[in-house]
Amino acid sequence: MSKNVGNCKLLLNGKFAITPGQNILIVSLVVIFGPYVIFFATVAPWLINHDYYSILVISIMCTVVLIPVFLFASFVNPGIVPQESLNPNKTYTAPSSITLDIPINGHIFRAKYCISCRVYRSLRSVHCKLCGTCIDRFDHHCPWIGSCIGSGNYRLFLLFISVLSVAEVLLLTGSCIMVLNVVHESEIKSAHSHHGLIFLETMKIAAGAVIVMGFSFFTVIFSSILMFFHCYLCFVNRTTYEQLRHTFTDTSNPWNSGLVRNICEVVLGNCIDFSNDYVIGDK
């Protein structure tokens, strides 16, 4: 059973969502996982022949985890705020007040009425123009997975970038080991050869490793920075959207309940039931 909400289609009672941005998933898969294919086709056999089993085994384990986590992060409902099932024969008007004052931990927050979705947004939700709907605990819209990152899939996104960082370090390490060994062997065989000949010999044997090494070097930097940034956000219970807009300071964040509770809330809990409809003016 499917249901259209904004520009998205909900499947399996709201557990999964099809979004417009998922059209680029094939491109994302090729860009992200293409180097893994090169690694296992060219570097892995060399690692096996030279007894570097630990790097290869852990790389395989990370890859086996990465692909399904990537797909789940893309297709799991990111936290689409339920909308009312609209009656086409009925004229709808906005409520008299477009905000609701809600006290939380000594702070007054205003839940805004979304004219597009015709509901009062849950606190920390933001309307995404690309998805055409409000997203609970909106973090950002990720073009790589073609979907928003919200309360429904944030833990999967965090797991993905964490495992990706580890996997890229392993790919970089394995490729560097192969290239350095091939260069060393080429130097021994061609002690009096020009450096250009050694380079050509290395590229002839380890071109795949050089490609993976170059890609992984930049990916390790990017994914590691992203991972540490989101770990920090998790520790202080803040979203990327809130961080970039400077919504809270370190002392004024009402969602900050301490390190352990923040981690539990981000990793374990959804705020709303995505399978039910809201009615206009629901509080």
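Backbone N, Cα and C atoms are what each Cβ position is placed from, and that goes for glycine too.
Whatever TrEMBL says is automated annotation, not expert-curated.
The feature transmembrane segment is assigned by TrEMBL to 24-48 (among others).
Residues annotated as transmembrane segment in TrEMBL: 55-76 (among others).
For 110-245, the entry in TrEMBL reads domain 'Palmitoyltransferase DHHC'.
The feature transmembrane segment is assigned by TrEMBL to 156-184 (among others).
What TrEMBL lists as transmembrane segment is 205-229 (among others).
For the domain 'Palmitoyltransferase DHHC' (110-245), the DSSP-based tally of helix, strand and coil residues reads 84 helix, 19 strand, 33 coil. Looking at the domain 'Palmitoyltransferase DHHC' (110-245) alone, the prediction's average pLDDT is 89.
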